[in-house]
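The structure under discussion appears below in the form of structure tokens.
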2 protein chains.
Amino acid sequence: MHAKTVTVKLDKHCYDIIIGPDLITQAASQIKHSLHQKDFHQMRVALITDANIASLHLDTLEAELTKNKIHTVPIVVEAGEQSKSFSTLQTVIDKILATRLERGDCVIAFGGGVIGDLGGFAASIIRRGMNFIQMPTTLLAQIDSSVGGKTGINSQYGKNLIGTFYQPRCVISDTCLLDTLPLREFRAGYAEMVKYGLINQPDFFEWLEKNGQKVFSNGSIRTEAIIRSCQFKADIVARDEHETGERALLNLGHTFGHMLETATIYDSNRLIHGEAVAIGMILAHQLSAQLNLINSTLTHRIETHFKAVGLPTQLKDIPGTLPDAETLMTLIAQDKKVSQNNLTFILTRGLGQSFIAKNISSNTILTFLEQKLAEIR
Amino acid sequence: MHAKTVTVKLDKHCYDIIIGPDLITQAASQIKHSLHQKDFHQMRVALITDANIASLHLDTLEAELTKNKIHTVPIVVEAGEQSKSFSTLQTVIDKILATRLERGDCVIAFGGGVIGDLGGFAASIIRRGMNFIQMPTTLLAQIDSSVGGKTGINSQYGKNLIGTFYQPRCVISDTCLLDTLPLREFRAGYAEMVKYGLINQPDFFEWLEKNGQKVFSNGSIRTEAIIRSCQFKADIVARDEHETGERALLNLGHTFGHMLETATIYDSNRLIHGEAVAIGMILAHQLSAQLNLINSTLTHRIETHFKAVGLPTQLKDIPGTLPDAETLMTLIAQDKKVSQNNLTFILTRGLGQSFIAKNISSNTILTFLEQKLAEIR
């Protein structure tokens, strides 16, 4: 099967997302093409990756680049959300500056969402912006975090509170890398795929209901699902690069999701991002039902599909105890989707009919959370 | 005297630089205008400043804003270049996030170049970009660093190696603040003013030769010099926001200047930025003379003017000992104006005839530096 290309069309520049099998073993020519480099003489790239990906795939990628005379500087960070920190950012930046990489050299983020966010942020602020390429290795990163140019790290006050908008020169998504992805991680990425259906593509949700199990196998259905997802996200980003409008729809399930991730202190044993978003989307639908926007049968339908693929759907699926409703509210209020104390949520009026709901009162949310917590106690 | 406005016209947005006396006591309405806020109800600003400015002027600014119902969050950092560090950046960001300022709130950098660079960088990466306003308090900041959107901090590997391009909503330059500026700091800013003449405005250099002493007094000549300088820089930035071309001319004297600042470990007792740039510009002219681009009488003419206003002009004016030429070369090579090991310098073919000289060999510079160091030993 040949690689397919989805183009992200932005005001100032376009870039390609290349999707297909075995791209890692052909990466050099793609990098050359994207950076408009005539030859690789003296070209240097920093390969930012995590310990898991390094043990599985770094040798292969380094061999491909070295064979093609690209000098590589591997920078391996600890796997997991805790690497989206100020201290890891500083370490990565210091290593890149120590090797004297220049603006025209390149930073490659070779990993999942954490590596893409961290590597992209570093690339965006070193020398006020170096060349940057995404090579996402997880389903979540391939369909979501590598597309659209959001970069960042976490703060003690919340997730992704420090970062930039910074677009890569290209995204190289080797679907074969997904074969080594743990099932739980694959499921978490799948939740974001379902999100695209729930936002405004009811057909895609129905297609996933039919084909969901096949997306979990390494065939053409998986690749098709990735291409459709990238195309959807690329279109939204093209229309609203800096999230002044409809891009906020991508936050469906994310305000509740971030709240849950913070409440579980980013402990991946308890919850990973896509799982938090799955539960968050169910909560957003339940809230929509409570506000009489939808019938609760829609929520049940989505729950059924999530359960069929093994995703969590409710607060009681999270191991350990959660803080009380007022503490959860504090976490929401610090989230970046807050504007002048009127809460903004992505709610829905039906399957694939999500919308940006402003001026949701804190009391509405507090009461809703109290009720949800009461159900599990 | 009324305030004058210089507009910076960029592709995506324009913003105004307001220049005049006593603007600090009328700041609230200007802030309101620039942020398109109908009222100040609930509006909050973080006021980033340093200990020196805080003791002189913070009360006045806070009183003006509070009176107009803008909630202020003062963040006072240590005065001096050492505050352009990762640790101070993190402290500033944490304080802003702790007070829950949102994207639509505003960060005001109230200070000199250090505060502008640090505050602008923080504003650009908190929540992927908050509103930002510059209120420069030094001559250097009013005519140079507050204009054009460069932000950043220093690294152990060199100055300004970590940062962003991020434009303010407006710049409010209260010329009365210059009355409390130490003479040495005023001179340092004046060096950058002379630079604008040397880049491509021989008329302005000649005007400064005639009026330089008056620029040091608090009259209309000073204001005129500031307005002309801002207009010059705004024009160059408008034509080349991200320094892909002629904006690099603004680095006249800066490659040598940064080298000297790093060599003196940013010790302001020995050297401050504008002083380093003054010596750097003389070195750039001497190098141009050595490459037979100009006659050395031009260098002497500039030295004479610098000496007349009390600026240093040569390596021996720097207190303490300097490292050897090879160490200085290492500092230059890490500087960001390096591309693939061919050094780029701003040289000149005559008064106000500077140009970007690429492919200057390391050997040429090494020999030149050895010679300069030999002269003072």
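Just so it is clear, glycine is given a Cβ too, placed from its N, Cα and C backbone atoms.
For reference, TrEMBL has these:
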- B:75-187: domain '3-dehydroquinate synthase N-terminal' (DOMAIN)
- B:G113, B:V114, B:I115, B:G116, B:D117, B:T137, B:T138, B:K150, B:K159: NAD(+) binding site (BINDING)
- B:189-338: domain '3-dehydroquinate synthase C-terminal' (DOMAIN)
- B:E192, B:H254, B:H273: Zn(2+) binding site (BINDING)
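Among the binding-site residues listed (B:E192, B:H254, B:H273), B:H273 has its Cα nearest to the Cα of B:D117 (NAD(+) binding site). A distance below 8 A between C-beta atoms marks none of the binding-site residues from B:G113, B:D117, B:K159, B:E192, B:H254 as lying next to chain A.
The Zn(2+) site is set by B:E192, B:H254, B:H273; from the centre of their CB atoms, other residues of the chain with a CB within 8 Å are B:L140, B:D144, B:A188, B:A191, B:K195, B:G253, B:G257, B:G274, B:A276, B:V277, B:G280. Counting residues per DSSP class in helix, strand and coil order gives 47 helix, 31 strand, 35 coil for the domain '3-dehydroquinate synthase N-terminal' (B:75-187).
When the Cα positions of B:G113, B:V114, B:I115, B:G116, B:D117, B:T137, B:T138, B:K150, B:K159 are compared pair by pair, the longest gap among these NAD(+)-binding residues is 21 Å. Candidate binding-site residues: B:E192, B:H254, B:H273. Nearest to B:I115 (NAD(+) binding site) by Cα distance: B:H273.
Separating the Cα atoms of B:T138 (NAD(+) binding site) and B:E192 (Zn(2+) binding site) is a whole-number distance of 12 Å. Listed in sequence order, the residues of the same chain lying 6 or more apart from B:H273 (Zn(2+) binding site) and placing their CB within less than 8 Å of its CB are B:E81, B:G113, B:L140, B:A188, B:G257, B:E261.
A separation of roughly 17 Å, to the nearest angstrom, links the Cα atoms of B:E192 (Zn(2+) binding site) and B:K159 (NAD(+) binding site).
Confidence annotation: the domain '3-dehydroquinate synthase N-terminal' (B:75-187) carries a mean pLDDT of 95 in the model. B:H254 (Zn(2+) binding site) sits 11 Å from B:K159 (NAD(+) binding site), taking the C-alpha atoms as the reference points. Local packing around the Cβ, expressed as the count of other Cβ atoms within 10 angstroms, is greatest for B:I115 among the binding-site residues B:I115, B:T138.
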